[in-house]
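Engineer: Dropping a structure here in structure tokens format, bear with me for questions.
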């Protein structure tokens with residue numbers, strides 16, 4: 001009951017880590033959007049495993065097939081189904097954990113909730129499910145691009161290593177030039193080495209992904225519950241391993257008095273209203289105000305590590321979960337396109353919802 | 001298009017700050033819940049303005065009337081409508097800002113989105129709307145109480161003053177004994193004096209509200225988009241002035257390696273599965289695991305201050321927004337029952353949704 | 001869980017026959033619609049009881065109060081709440097049936113479903129609930145009128161008395177000139193006398209309401225499940241006492257071969273595409289084609305009659321349900337504005353949904 | 001925006017007649033349902049074309065593949081995706097109608113609504129889409145069977161040939177023994193010959209499908225908008241070519257006075273409450289009462305005929321639509337499993353929704 005997202009631009013994802021495949025049905029995408037298959041594939045490639053030695057060595061081409069909703073290169077307004085078949089299933093790797101509850105995974109909670117679970121690679125709870133989001137998000141990005149909206153995420157922190165510069169001080173076009181997806185090349189190299197060290201220890205580490213959206217017109221977002229930042233927060237928190245979300249001034253906004261935190265309005269030379277500062281993060285009253293939208297998403301260390309861990313099995317007996325197989329020592333580099341995809345899905349939906357604001 | 005919340009236990013709120021009144025329709029509350037009017041009123045009273053000199057002096061009794069859905073003291077399974085009439089409207093206070101955009105308020109974004117707005121007291125964007133949430137949340141709390149679930153929020157930070165103790169080290173029953181709603185009496189007094197100082201300067205300050213949920217059984221939450229913490233995050237971020245949300249280890253979870261962050265499972269003497277630590281915050285894979293659920297919500301300083309501010313009006317002209325009227329120098333004490341109410345609404349919905357998990 | 005209707009122009013109704021009142025919250029009405037209170041009141045007056053001796057003598061002024069969402073005579077894009085208080089409650093009339101299940105009423109099914117019920121006047125299952133629909137539908141009509149769409153329903157059959165003329169052969173402006181709401185004055189008088197005879201026998205009789213929509217542009221309706229006629233059908237069938245729905249050629253369409261049933265397209269002198277016949281009832285593939293939309297809705301005789309009837313009580317004992325109180329001998333005259341209201345709600349929603357069909 | 005159905009047991013269908021394939025994602029099916037692939041395939045086979053000379057000669061094996069949500073023969077509570085690939089596409093058959101609007105098809109309305117359309121075989125508007133419904137409905141049937149609910153539909157009318165017997169007078173187990181799916185063998189043969197005659201003329205004819213549901217417990221259905229019969233009506237009307245729906249006494253219920261139409265309650269020897277007659281069609285106040293549910297659905301003659309027809313093309317020019325290709329002279333035999341499937345989907349959803357009726 002929770003595998004759909006969106007009110008108008010709406011997606012339904014499906015699939016398990018080691019089943020036949022994963023995929024998504026997108027309903028509510030307007031007719032007439034250019035369906036650029038190469039772009040969608042390139043987004044999936046940004047997310048796929050095995051990109052460098054600091055990501056999992058699982059091998060998946062992550063090639064998608066379109067089943068419906070596209071005709072002569074354009075969306076037709078009917079549902080668009082995309083499927084990505086699983087290749088590197090290696091189910092045997094998981095037989096030893098069939099009855100075990102891996103610490104800080106979803107094994108235990110799925111078992112209690114459903115009474116049954118596909119234990120192979122985490123089944124539905126695997127981060128593999130996010131490939132379907134990236135495919136759908138890529139289409140949302142294509143639609144948003146036609147509206148002048150661009151989304152750029154990047155890694156700003158790995159463990160204790162934190163980029164202190166704001167996004168304005170960075171050259172975000174550098175992001176894709178390194179395996180960590182940190183736009184500061186020096187920091188990127190340090191992060192890479194740090195993650196590689198973690199990997200060698202068979203351990204894992206978390207991080208923070210920042211995201212900046214430019215070009216959103218004022219008016220997107222729906223008060224009072226579906227505030228733009230509330231949906232962005234939900235969308236980010238729905239990504240595996242996410243523990244926190246903040247936008248604009250965020251948790252640090254607590255520290256400032258209102259007289260410093262308030263963003264003064266002014267009219268620029270072209271007659272457009274802007275704010276002098278942007279503690280609001282581009283959103284006021286839950287509605288975009290035309291300034292840059294920016295937010296930060298915190299990822300915990302992934303639960304799969306190459307070390308033995310104490311746990312229990314389905315019968316309540318003590319069990320030692322052994323560290324074998326493949327793992328991502330740090331998930332944030334691959335999380336960058338996922339953050340962007342979810343952001344695109346949120347914005348695409350609000351763009352369409354906003355069409356009904358006025359008569 | 002965003003004034004409803006929930007899938008089964010579903011609320012629709014309505015009303016503006018200075019209109020006739022505000023209210024809520026609750027649909028999907030099961031039949032047979034004890035409708036304790038006194039409790040609902042007491043929750044509204046916790047939220048209402050004018051409780052001490054550090055909250056706004058606006059006078060509202062915030063008495064509610066039930067229009068439907070209750071018969072002989074029990075819910076009947078039909079929609080429950082509750083209305084709270086506005087008393088202290090003082091519309092004249094707002095005439096001077098009819099055409100002005102107050103900095104960091106929703107005036108500008110509502111104007112662009114809808115082309116029209118009820119400028120009196122912020123209209124729909126006023127935090128007054130949260131009274132309807134508290135009424136609905138009180139009913140959700142009553143239902144949850146019958147299931148053994150309790151929710152306790154408290155103020156953990158105001159500006160730079162931060163309570164360093166974890167919730168386990170605090171006596172949460174102290175929370176309601178002071179105007180700040182901080183369970184540490186010493187810190188509470190310091191915070192009170194600090195806020196009172198801010199008030200005297202005509203300024204405002206933000207803060208953090210922590211929330212702890214005890215007694216949630218394992219199994220609540222719906223993967224993959226409607227993860228329990230994702231809905232909690234959305235619910236918190238939908239409250240006025242909220243800038244950030246984190247649960248369990250939160251942003252600090254980034255700092256730990258997986259080997260320390262993972263929560264080892266064990267079986268207790270009664271045969272129940274528990275975790276030795278709780279970095280997961282009681283939620284794994286988006287589903288409750290039976291441990292305490294805890295999270296933190298950051299509130300910015302409220303935008304209304306008693307100082308003159310630079311801005312523009314609807315015509316793009318420079319305007320000085322004057323600081324007059326009444327304001328909350330710090331919103332977090334009154335936010336405590338709102339955080340609890342939204343938490344209750346999230347949990348009530350997931351309780352019902354989980355009824356369909358198994359055949 | 002079923003008291004909301006619509007995806008974008010969305011209503012939530014509440015209230016019971018003998019509680020405090022009934023009402024509706026409309027969410028998703030665009031900002032800028034003229035809120036003509038007099039028109040809304042006049043629609044409620046068309047539905048209210050006591051209009052003539054062939055309708056129930058229950059006395060209700062059915063005056064509504066707006067609580068929110070309207071400012072300076074226009075909708076603001078925020079939720080609009082309207083409440084109608086119950087006046088003529090006479091709860092004592094119903095004490096004798098508190099434990100009885102009235103034949104063909106909802107007493108038994110509510111009792112089984114919810115385990116509790118407000119037995120006074122049928123509680124939530126009373127047709128009184130439709131007043132809330134009429135209020136909301138009146139606002140939808142106001143919006144549609146600005147788009148050139150008009151809706152006219154009328155009584156075409158009462159018991160065995162059936163108007164054989166098509167709507168094109170009738171002067172629909174006559175409909176409101178008689179108590180039956182049949183546009184043929186001669187037939188109207190015959191129907192009136194017939195119903196009055198039924199009334200004197202303490203019995204009831206059913207009828208058929210036809211509805212015609214003019215001015216709908218091509219493009220409204222959403223394949224494949226939310227076809228325009230499927231939603232119209234659901235909307236009509238959701239009205240108390242409705243047993244059947246057909247549109248265009250309806251059940252008689254079964255009799256014709258495709259070569260006669262198909263509606264040939266042609267281009268008129270202004271270049272617009274039309275069909276030469278309209279067996280399609282203005283809807284093809286679930287989407288309006290610009291021709292008149294027309295459909296028929298069948299109402300059974302109302303279950304309340306002034307005769308004693310065999311039944312059982314809550315404990316399974318035999319009980320005689322006595323015929324006393326007030327009743328509508330024939331519901332269709334008062335159903336006319338309800339059919340129009342539900343039609344307006346369906347169309348208003350599809351108008352807004354269609355705004356997202358193309359990029 | 002209309003390709004999903006259901007609130008809890010929820011389906012999203014996709015696919016076009018001549019694209020890669022069609023399919024469905026089922027979300028909200030509880031964990032633990034036996035996933036009987038053979039049964040699902042047999043239901044698809046009942047619907048597939050080419051079963052006899054009175055159905056279209058299009059060749060489709062209609063074999064389905066499960067992509068997710070099933071593990072070791074049971075549903076897991078996660079989304080179930082099923083895909084049916086198109087085989088007999090013959091796109092060239094349709095090139096001559098690329099720019100034409102076929103009379104009483106959805107060509108014109110799709111073109112206006114979306115500005116683009118997949119003209120091959122009707123694209124999304126093709127009845128081929130219903131195969132996805134049958135696959136999903138088969139799973140719903142499997143779940144309902146575990147609850148003791150059975151659904152049986154049959155053909156009761158073709159053109160003017162009408163079975164006058166009620167369902168109680170028929171042996172419904174005969175239904176699948178003839179190509180028409182009429183349970184009266186004599187009438188079935190007459191209908192077959194009649195349809196075959198229509199086929200030879202290159203024409204088409206409509207019909208009526210009756211449906212009977214046994215074993216539904218009292219309590220399913222959600223007042224006031226989502227009445228059980230309202231959802232059944234919508235579900236039926238959403239099937240291609242449907243023009244009318246009636247349940248219980250239906251349109252004929254108009255003719256009876258309330259004193260005859262009302263269904264008297266009695267308690268049987270086992271203490272269960274029943275009604276002596278069943279004009280209510282097993283539904284009172286929108287909620288099942290435990291009696292048999294029965295209803296009738298009218299299908300128009302299919303629009304595709306093997307005769308030349310006057311029409312226009314996309315540019316408004318006169319065009320002659322030529323009758324070539326393949327067609328169903330009468331759709332009702334193949335509609336029987338579709339009616340059953342949609343009924344199953346409605347009931348499965350209400351079963352789950354009803355789990356939240358009481359605390």
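Cβ atoms are placed via backbone N, Cα and C, with glycine included.
Remember, predicted model here, so these are calculated numbers, not experimental data.
Sequence annotations record features per position, and here TrEMBL assigns NADP(+) binding site to C:47, C:53. Annotation comment: TrEMBL describes C:124, C:125, C:126, C:240, C:241, C:285, C:300, C:301, C:302, C:303, C:304, C:326 as FMN binding site.
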Engineer: Near residue C:124 (FMN binding site), which residues of its chain come within a Cβ-Cβ distance under 8 Å, counting only those 6 or more away in sequence?
Structural biologist: C:15, C:16, C:17, C:110, C:118
Engineer: Can you tell me how far the Cα of residue C:302 (FMN binding site) sits from the Cα of residue C:53 (NADP(+) binding site), in Å?
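Structural biologist: Per the Cα atoms, residue C:302 (FMN binding site) and residue C:53 (NADP(+) binding site) stand 16 Å apart.
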Engineer: Rounded to an integer, what is the Cα-Cα distance in Å between residue C:47 (NADP(+) binding site) and residue C:126 (FMN binding site)?
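Structural biologist: If we compare the Cα positions of residue C:47 (NADP(+) binding site) and residue C:126 (FMN binding site), the gap is 14 Å.
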Engineer: Among the binding-site residues listed here (C:126, C:241, C:300, C:304), which has the Cα closest to the Cα of residue C:53 (NADP(+) binding site)?
Structural biologist: C:304
Engineer: From the binding-site residues C:47, C:53, C:126, C:241, keep only those with a C-beta under 8 angstroms from any C-beta in chain D, and list them in sequence order.
Structural biologist: none
Engineer: According to DSSP, folded down to helix, strand and coil, what is residue C:124 (FMN binding site)?
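Structural biologist: Residue C:124 (FMN binding site) sits in a helix per DSSP.
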Engineer: With a 10 Å radius around each C-beta, find which of these binding-site residues (C:47, C:53, C:300) has the fewest other C-beta atoms nearby.
Structural biologist: C:53
Engineer: Including all protein chains displayed, how many Cβ atoms other than that of residue C:304 (FMN binding site) lie within 10 Å of its Cβ?
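Structural biologist: Excluding its own Cβ, residue C:304 (FMN binding site) sees 24 Cβ atoms within 10 Å.
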Engineer: Which one of these binding-site residues, C:241, C:302, has the sparsest Cβ neighbourhood, judged by other Cβ atoms within 10 angstroms?
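Structural biologist: Among the binding-site residues C:241, C:302, the lowest count of other Cβ atoms within 10 Å belongs to C:241.
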Engineer: Please give the greatest C-alpha separation between any two of the FMN-binding residues C:124, C:125, C:126, C:240, C:241, C:285, C:300, C:301, C:302, C:303, C:304, C:326, in angstrom, as a whole number.
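Structural biologist: So the binding residues stretch over 44 Å, Cα to Cα.
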Engineer: Using all protein chains in view, find how many other C-beta atoms are within 10 Å of the C-beta of residue C:126 (FMN binding site).
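Structural biologist: Excluding its own Cβ, the number within 10 Å is 22.
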Engineer: Of these binding-site residues, C:47, C:124, C:241, C:304, which are close to chain B by the rule of a Cβ under 8 Å away?
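Structural biologist: Listed binding-site residues meeting the cut-off: C:124.
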